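Some notes on the structure that comes next.
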Ligand SMILES: Nc1nc2c(ncn2[C@@H]2O[C@H](COP(=O)(O)OP(=O)(O)OP(=O)(O)O)[C@@H](O)[C@H]2O)c(=O)[nH]1
Ligand SMILES: [Zn+2]
C-alpha cells in the first residue's frame, strides 16, 4: 500500500485538472504531449503554451472536423495546425458550434499528417470523459516527465491511461434507505459509487423482488430537463413516471437511475445540442456537430448494478435494442422486452421519429 496515486486516481485528477483549465501531460520516455481543454483555455494559458518550443495543434474528433471542413488525416480525429495570429476565442469557436452560423470559421484549416496521433486520441478521450467539448489544444514534447514536473501537471502513461478510460469501473453500494413514493409506497433508494471517484448512480427498488425470478426493470438515463422540469422536447419524464407506476402496480421492480445526462455528454453539452436543434439540426446531427457520437453512454453500468443487487434476469422496460443487447452481453438475461411508449406530444414527435429512424428505437 502506498499513499501515491494509482493510475485510476491520476486519470480522475487529470479530468479535474482539465475542467479547471490546467494542462495534463500524456506520454513516457521521449514522446509526450502537453494538452489543455479548448473549452477551458484562457488567453494567458494559450500564450504560455506558445512560449514553449514547438507547433501547437487543436485536436478535434472527425465528427467536428467534418463540419469545419478540416481534413482528418488520422481517421477518427484531425489535428488543426494552430495559426500564429489566432486567440483563445478562435480556439473556442473551433470547439464550440454555437458560433458556426453567426461567425463561420475562415478556412481553410490546415491539418497535420504525422506525429503523436495516439496521444492526441487519448487527449480527446479524456476531454469526453470530463464531459467537456471534445477539442484539445496540444503541444508535443520530448520530455514528458520533465515538463510535467515543471508544470506541476498530472502525467499519464498512454497505454495504461487508455485502458483505464475504456474500463468499466465497478460500483459499490454506499448507502440505502426506505423511500415511500407516490408511485409505490414500498420504495428503497440505493446509492452506488464507482471505484475511481466518478459519477454515482442510483437504484430504486420497489417492493421486495424475488431474486430467483426475472425482475421488472428499467434503465433510465438522467434527463434533468425531462425528469425535473417536465420538458416536452423528449419523453423521459413520462417514461420515468410510467415505469415507476408499473412497478408500483406490480408491487415489485427495480429502476436504475443512471447519471448519464444527455446520452452521456452531460447537461452543458446537451444544452449546446438543444441550441443546435433550434437551428434546425436533429438530435443525432447536433451531437455530431459538437464532436460526439450519437450515444456516448456505457450501459455496462446497468448490468453491474443489477448483478450487485442479486438479479440475474430481467423483464426490461425499453424500446432501445442496444439496452437489451448489452444486458445479454453482460450476462443478465432479458426474458422479455416490455415496450414503454408514452409522452408523445407535438414538440417531441420529430425527436421520436429520428430515434426510430436513425437510432433503431422500436417506437
Ligand atoms: N445528447 C442528447 N441527449 C438527449 C436529447 N434528448 C434526450 N436526451 C437524453 O437521452 C437520454 C434518454 O435516452 P432515450 O434515447 O430517450 O431513451 P433510451 O433510454 O435510450 O431508450 P428507452 O429505454 O427506449 O427509453 C437521457 O440521458 C436524456 O438526457 C438530445 O436531444 N440530445
Ligand atoms: Zn429527456
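Counting begins at 1 with the first residue displayed.
Keep in mind that glycine also has a Cβ here, set from the backbone N, Cα and C atoms.
According to TrEMBL, the protein has these features:
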ACT_SITE  295  active site, proton acceptor
ACT_SITE  297  active site, nucleophile
BINDING   218, 219, 220, 221, 222, 239, 261, 262, 263, 283, 318, 323  GTP binding site
BINDING   223, 234, 236  Zn(2+) binding site
DOMAIN    175-339  domain 'GTP cyclohydrolase II'
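Shown here: features listed in TrEMBL, placed on the structure.
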residue	record	CB count, 10 Å
218	GTP binding site	26
220	GTP binding site	22
222	GTP binding site	22
223	Zn(2+) binding site	23
234	Zn(2+) binding site	20
236	Zn(2+) binding site	21
261	GTP binding site	21
263	GTP binding site	20
297	active site, nucleophile	21
318	GTP binding site	23
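In space, 236 is the closest of the recorded positions 234, 236, 295, 297 to residue 220 (GTP binding site), judged by Cα positions. Ranking the binding-site residues 218, 234, 263 by Cα distance from residue 297 (active site, nucleophile) puts 263 first. Other than 223, 234, 236, the residues of this chain whose Cβ falls within 8 Å of the Cβ centroid of the Zn(2+) site are, in sequence order, 221, 225, 226, 227, 231, 233, 235, 237, 239.
Here the candidates are the recorded positions 234, 236, 295, and by Cα distance the one nearest residue 218 (GTP binding site) turns out to be 236.
Under DSSP, residue 297 (active site, nucleophile) is assigned to coil, being neither helix nor strand in the three-state scheme. Proximity note: of the listed recorded positions (223, 234, 236, 295), 223 have a CA within 10 Å of the CA of residue 261 (GTP binding site), given in sequence order. Put simply, of the binding-site residues 222, 223, 236, 263, 318, the one whose Cα is nearest the Cα of residue 295 (active site, proton acceptor) is 263. Proximity of the recorded positions 220, 223, 295 to ligand 1, judged by a Cβ distance under 6 angstroms to any of its atoms, singles out 223 in sequence order.
A gap of 8 Å separates the Cα atoms of residue 222 (GTP binding site) and residue 236 (Zn(2+) binding site). Per-residue pLDDT, averaged across the domain 'GTP cyclohydrolase II' (175-339), gives 97.
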